[in-house]
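Trainee: According to TrEMBL, the protein has these features:
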BINDING   268, 269, 270, 271, 272, 273, 368  ATP binding site
BINDING   272  Mg(2+) binding site
BINDING   290, 313, 335, 385  substrate binding site
DOMAIN    12-85  domain 'Shikimate dehydrogenase substrate binding N-terminal'
Ligand SMILES: Nc1ncnc2c1ncn2[C@@H]1O[C@H](COP(=O)(O)OP(=O)(O)O)[C@@H](O)[C@H]1O
Ligand SMILES: O=C(O)C1=C[C@@H](OP(=O)(O)O)[C@@H](O)[C@H](O)C1
Ligand SMILES: [Mg+2]
């Protein structure tokens, strides 16, 4: 009788592993036997000696440590100086490779960001930046500058490179959940950019990427790199090749599950009502920003009446920053979120923004202090806000009944991810 293995033969090794997408990605690639292995440093040698283990991914802080346990190393792993994938060989030895390298190149290629002959600015000088550096060299970068916090050149020197940098790559954790939105450098002075890349994948769009998007510069978040490295690892684990379409299918599925659906529009247009309908259809939680405000303070209308609109906006911005860190939700905003430009990064970082439109004559005005004063007041408000709603939204939804609005959004959302 054969013995049941005590360990899953594949998995991710690290010291403390929070939520990881790796088991789900490997499952989608046909390997359900992929587990999370949290091990302390003193447990590593014994752990790696277990014969049941066939393949591992390795993360912080062991990417360098495990190199000495590998009897053979790929060229990329040697040059980068760290291993993120270990494969058990027929003679029981470990072969170490670095598939972050493959994932990074896959990410650039699918975003059509080319490197040959270009000047690249890399933010950060940690482990990931080493992988990025070797890949950039192999792709034929003309010049690679690493900005750092500890050694010169520093982040503050970014403007000196603004006129001729063609690609920017963030390898630091600045801007990562939960400290988001946040960014190390501004793109304002950069005039020659052909690509901006962030290895962060939570949030989907860091503040740096949102700035790139607003300037019309091609950009990529780090999810394709994560999926790309997993596909390269799965190729070694399962000894089979995967098509680009299989990688794309996984990226799309993760994005579709996570992107928030965000509703903006005039007070009384139906953000809360359509939000409720969408929450039912998508089986997602509804976050109503006005309700959340009321839980913390009092009804928004009452707050504006007693403290004034400026004070309300301050509080609303802070609250929005907190609420929009979430993923996979329906978010109904208060009608005035578009009046503060900084609210855009909060909404957009994990969200597709829908602007709800109905004729002003049909809008509810009860309990809404800014809508008091008849149609003329609403028209004045609309004149001010219309360009803001336009700038804040990806999709404009003209609708009559709440169901019609929800239908349109449901179809648009699925079409967007599956076209
Ligand atoms: N499409 C619609 N047609 C008719 N009445 C609507 C529609 N959408 C919402 N309402 C009604 O208008 C009022 C305000 O809707 P609500 O969803 O609270 O708007 P918002 O959140 O945009 O301020 C509610 O009484 C709601 O029942
Ligand atoms: O448009 C606005 O400035 C406001 C809209 C309200 O939300 P609704 O749009 O849900 O009415 C509420 O946030 C507050 O009274 C301010
Ligand atoms: Mg509402």
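Cβ coordinates come from backbone N, Cα and C, glycine included.
Just so you know, TrEMBL annotations are computer predictions that nobody has curated.
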Trainee: Do you know offhand how many angstrom separate residue 368 (ATP binding site) and residue 335 (substrate binding site) by C-alpha?
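Mentor: Here the two Cα atoms lie 10 Å apart.
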Trainee: Could you round the CA separation between residue 269 (ATP binding site) and residue 385 (substrate binding site) to a whole angstrom and send it over?
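Mentor: Distance between the two Cα atoms comes out at 13 Å.
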Trainee: Quick one: Cα separation, residue 290 (substrate binding site) versus residue 268 (ATP binding site), in Å?
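Mentor: Rounded to the nearest whole number, the Cα-Cα distance is 12 Å.
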Trainee: Near the Cβ of residue 290 (substrate binding site), how many other Cβ atoms are there if near means within 10 Å?
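Mentor: For residue 290 (substrate binding site), the count of other Cβ atoms within 10 Å is 21.
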Trainee: Which ones in the same chain are close to residue 268 (ATP binding site), with CB under 8 Å and 6+ residues apart in sequence?
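Mentor: Looking at Cβ-Cβ distances below 8 Å from residue 268 (ATP binding site), excluding near sequence neighbours, one finds 335, 363, 364, 365, 366, 368, 371.
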Trainee: Can you tell me how far the Cα of residue 385 (substrate binding site) sits from the Cα of residue 272 (ATP binding site), in Å?
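Mentor: Cα-Cα, rounded: 19 Å.
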Trainee: Output: those binding-site residues from 269, 271, 272, 273, 290, 313 whose CB lies less than 6 Å from an atom of ligand 1, in sequence order; none if no residue fits.
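Mentor: Checked binding-site residues vs ligand 1; flagged 269, 271, 272, 273.
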Trainee: Looking at the domain 'Shikimate dehydrogenase substrate binding N-terminal' (12-85) alone, can you tell me the average pLDDT?
Mentor: 95
Trainee: Beyond 268, 269, 270, 271, 272, 273, 368, what residues of that chain have CB atoms within 8 A of the centre of the ATP site's CB atoms?
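Mentor: What remains near the Cβ centre is 265, 266, 267, 274, 332, 335, 356, 363, 364.
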Trainee: Would you pick out, from the binding-site residues 271, 313, 368, 385, the residue whose Cβ has the largest number of other Cβ atoms within 10 Å?
Mentor: 271
Trainee: Based on DSSP, tally up the residues of the domain 'Shikimate dehydrogenase substrate binding N-terminal' (12-85) by helix, strand and coil.
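Mentor: So the counts come to 26 helix, 15 strand, 33 coil.
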Trainee: Measuring Cα to Cα, how far is residue 273 (ATP binding site) from residue 313 (substrate binding site) in Å?
Mentor: 23
